[in-house]
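Asks: Handing you a structure now.
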Amino acid sequence: MTTANLLDFDLEGLAAFCQTLGEKRFRATQLFRWIHQRGAREFDQMSDLAKSLREKLRGAARIEGLPVISQHESADGTIKWLFDVGDGNAVEAVFIPEDDRGTLCVSSQAGCAVGCRFCSTGHQGFSRNLSTGEILAQLWFAEHFLRGHLGTTDRVISNVVMMGMGEPLQNYAALVPALRVMLDDHGYGLSRRRVTVSTSGVVPMIDRLGQDCPVALAVSLHAPNDPLRDNLVPLNRKYPLAELLAACGRYLEHAPRDFITFEYCMLDGVNDQPEHARQLVDLVRASGVNCKFNLIPFNPFPQSGLTRSPNTRVVAFAKMLSDAGIVTTVRKTRGDDIDAACGQLAGDVKDRTRVGERIAQQRTVMLRQVPAGVAKEG
Ligand code: SF4
């Protein structure tokens, strides 16, 4: 008999599931807290649930994370995990510690159908959507692993960014319940301002997210005009800049923050000239969208045929935007030594023809590297 994976449910879903077992709603809340707040994997750990209920659960449900293929820790404290999602596919999550926060970058799909030119995930092609449980398994595992790793019972992950592999708004049905669990006080209790969905610009789903579950929004802009953006972010041909910026304006009516973050990957000689900065200023001024820019130093990979803009040009570009009154930051590269920087996720499994072989190799490496306990995940 197939059992339900309880990581697939938000609290409402879990309450409905408990009802099918003849249990009251408050049992769902207890169960939910055991799973997400305390990281329980076995029903026998749930000491305040009646033995009869634990037995019922054992017959009908499971708590199943994702097998960890590998874990790499950078000298700067960044940790990258590669998770096996079956059929030779793997996804990555990256933990980025900073003084005042701990951010987890989470994947939403195995591969990605959007195919942005500067993104190594985009070059892999699309395999499949992750389920709600597979999205949440990354957070569930990372939070409870990190508590053990850092020797604390306090929450470690304060921010989640849906910026890993995949276009989250092309996996909307699984994304929204996962976001609800992140925000739920009985789950991870994260603030809406600290959960960010990053999109390449799926306009109708930006509108739906504003209605269904408004969290912080980051938009991968990467170009100041349609011809260039058509080339860098192919989805632009379907939802051009004017439509995208109009959707951003509408989103702000619901958003927990009063600005949209525009991500802009700096590509040498492609989108990093003074003329591009001037066009960007005109574009956002004309749209009236309150925004911040985050300039991202490109992480080159061979198939892209692109190179990183020199630092001096990034600084000059940032200055032009700032001088025009737009708050602009340059993203620090983190985890360079473990290929965890932006656009490098699953870079080492991007050759899909040999992905199964690579996963097998990494598993062997993991058995030598990963601390006791991690390899048992899932
Ligand atoms: S940047 Fe995002 S949307 Fe574009 S291909 Fe990469 S994962 Fe997909």
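Each residue, glycine too, has its Cβ placed from N, Cα and C.
Since this is a predicted model, take the numbers as computed values, not measurements.
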Asks: Per TrEMBL, what member of S191, S198, S322 joins G166, E167, S220, L221, H222, N299 in binding S-adenosyl-L-methionine at one site?
Replies: S198
Asks: For ligand 1, list the recorded positions among E92, C105, E167, L221, H222 whose CB atom is within a distance below 6 Å of it, in sequence order.
Replies: E167
Asks: I'd like the number of other C-beta atoms within 10 A of the C-beta of C119 ([4Fe-4S] cluster binding site), please.
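Replies: Neighbour count, Cβ to Cβ under the 10 Å cut-off: 27.
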Asks: Taking Cα atoms as reference points, which of the recorded positions E92, C105, C112, C116, C119 is nearest to S198 (S-adenosyl-L-methionine binding site)?
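Replies: Checking each of E92, C105, C112, C116, C119 against S198 (S-adenosyl-L-methionine binding site), the shortest Cα distance is to C105.
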Asks: Fill in the CA-CA distance, E92 (active site, proton acceptor) to N299 (S-adenosyl-L-methionine binding site), as an integer in Å.
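Replies: Distance between the two Cα atoms comes out at 17 Å.
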Asks: List, in sequence order, the same-chain residues at least six positions removed whose CB sits under 8 Å from that of G166 (S-adenosyl-L-methionine binding site)?
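Replies: V91, S107, S108, Q109, A110, G111, C112, T121, N129, L130 - these are the non-local Cβ neighbours of G166 (S-adenosyl-L-methionine binding site), listed in sequence order.
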